Amino acid sequence: MGATGQRRMSSLPAAAAAPLLLLLAVSSWSQAAAAPAWTTDLEKHVAFFDTDNDGIVTFSETEQGLRAIGLGVLEATASATLINGAIGPKTRPENATTSRFDIYIANIQKGIHGSDSGSYDAQGRFVPAKFNEIFTKYAMVKPNALNEDELDAMRTANRKEGDFKGWAASKAEWGMLYSLAKDKDGFLQKDTVRTVYDGSLFAKLAKKAGN
């Protein structure tokens, strides 16, 4: 074999190493971008919208997530504006340099509003007793489901005096849930409502919407 052939052979390991290094780099990035191990139901609820798994839900991620679960463009944009505008500043660390509209999942418990059912505690953990109360107190037609009137009665009973922001947030949340997840008879089933608290409902709605 001549000198030229030897040089070609010696260059093969270097040429083969380039794709290997690229593969290792991609593998390392994938591990870094793996979904964080969120522990509370509220964190898991919000994490559906964190499409790049960086622990931050941007306005565009919220808007895209809402469209994925079945909202129209205008409704998704308006809802994302309200959600990120209200929760983002509450969850944003003091030293953050990102948009004030960004929601930090690690601090999501700071975004809990008043006049709600109490099914999340102050740390964002699910409270089964409070959740069950929703149905024992207000499900009159069917024991494990709520119709629209019963839903309105529950929201009204949970209102705290002067908590206008909490009233509005509760109305928007439950209204959206009812619109997207009610059954053919106009009832929100208990099992369905349970899955919204840990966010598992969102993947089901997105699949149903073909996303």
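Here the Cβ of each residue, glycine as well, is placed from N, Cα and C on the backbone.
Annotated in TrEMBL:
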DOMAIN    37-72  domain 'EF-hand'
SIGNAL    1-34  signal peptide
Go ahead and report the DSSP secondary structure tallies for the domain 'EF-hand' (37-72): helix first, then strand, then coil. 17 helix, 2 strand, 17 coil
On average, residues of the domain 'EF-hand' (37-72) score a pLDDT of 97
